[in-house]
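Presented below is the structure to which this report refers.
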């Protein structure tokens with residue numbers, strides 16, 4: 001059996017069940033595990049020798065929280081992350097995650113195209129944590145100008161869960177989304193990334209076996225203690 005790709009409805013249902021009384025996960029627990037997986041995926045492909053300067057682009061939703069956690073772990077891994085976060089998330093968890101990054105002297109860029117251009121010029125790789133599977137267009141300010149700048153930078157891009165600007169089911173049919181080199185799907189890949197042809201990892205080593213079986217996810221085994229597993233070959237054969 002092949003790994004299951006998730007629709008928007010099913011992805012939301014699984015998230016809800018992970019955080020209900022039966023799943024018993026809190027949002028910050030899931031963000032911590034997801035962000036660690038994202039940091040590991042970037043480090044697996046882009047080592048500190050050539051790609052030490054990471055621009056972590058964070059949106060205001062849960063995706064941005066994953067990015068903040070990843071930035072903290074990347075700093076601990078020996079990278080030099082900079083956070084681009086023009087619209088901070090409003091949940092109580094985001095200020096705490098951001099403070100954790102500030103405590104590691106991680107710089108945050110909050111506004112202006114010129115500031116983003118400058119940050120891109122001093123970066124080696126981008127972690128795209130702007131929009132998640134709940135994204136619905138059109139892309140609004142300031143990200144309507146940020147995404148083209150990120151694309152035009154020519155830097156390698158690692159996207160979290162689904163590339164920013166892509167529809168969770170229709171993919172990049174509108175042609176306005178980022179085109180990453182690496183994708184780290186969380187929990188299970190989404191229907192919209194079936195045409196993705198880059199390096200593809202799965203992260204989210206937190207799905208209970210009973211839930212995996214209930215939804216027929218057919219997830220691959222994670223190697224040893226790692227929080228990620230390479231699914232490039234498995235997904236590109238479909």
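The backbone N, Cα and C atoms fix where each Cβ goes, and this holds for glycine too.
Feature list (source: TrEMBL):
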- 62, 63, 64, 65, 66, 132, 133, 134, 135, 136, 137, 138, 161: (6S)-NADPHX binding site (BINDING)
- 63, 128, 164: K(+) binding site (BINDING)
- 11-219: domain 'YjeF N-terminal' (DOMAIN)
Exercise. Taking the Cβ of residue 62 ((6S)-NADPHX binding site) as the centre, count every other Cβ atom within 10 Å, in any protein chain shown.
Key: 24
Quiz item: Which binding-site residues from the set 62, 64, 66, 133, 135 come within 10 angstroms of residue 164 (K(+) binding site), judged by C-alpha positions?
Solution: 133, 135
Practice problem: Provide, as an integer number of angstrom, the distance between the C-alpha atoms of residue 133 ((6S)-NADPHX binding site) and residue 63 (K(+) binding site). | Solution: 9
Practice problem: For residue 128 (K(+) binding site) and residue 66 ((6S)-NADPHX binding site), determine the Cα separation and express it in whole Å. | Solution: 10
Self-check item: Alpha-carbon distance [residue 63 (K(+) binding site); residue 135 ((6S)-NADPHX binding site)] in Å
Solution: 10
Quiz item: Which one, from the binding-site residues 66, 161, has the smallest tally of other C-beta atoms lying within 10 Å of its C-beta?
Solution: 161
Quiz item: Which is it, of 64, 137: the one of these binding-site residues whose Cβ has the most other Cβ atoms within 10 Å?
Solution: 64
Quiz item: Taking the Cβ of residue 135 ((6S)-NADPHX binding site) as the centre, how many other Cβ atoms fall within a 10 Å radius?
Solution: 22
Quiz item: Rounded to a whole angstrom, what is the largest C-alpha distance between any two of the residues 62, 63, 64, 65, 66, 132, 133, 134, 135, 136, 137, 138, 161 that the record assigns to (6S)-NADPHX?
Solution: 23
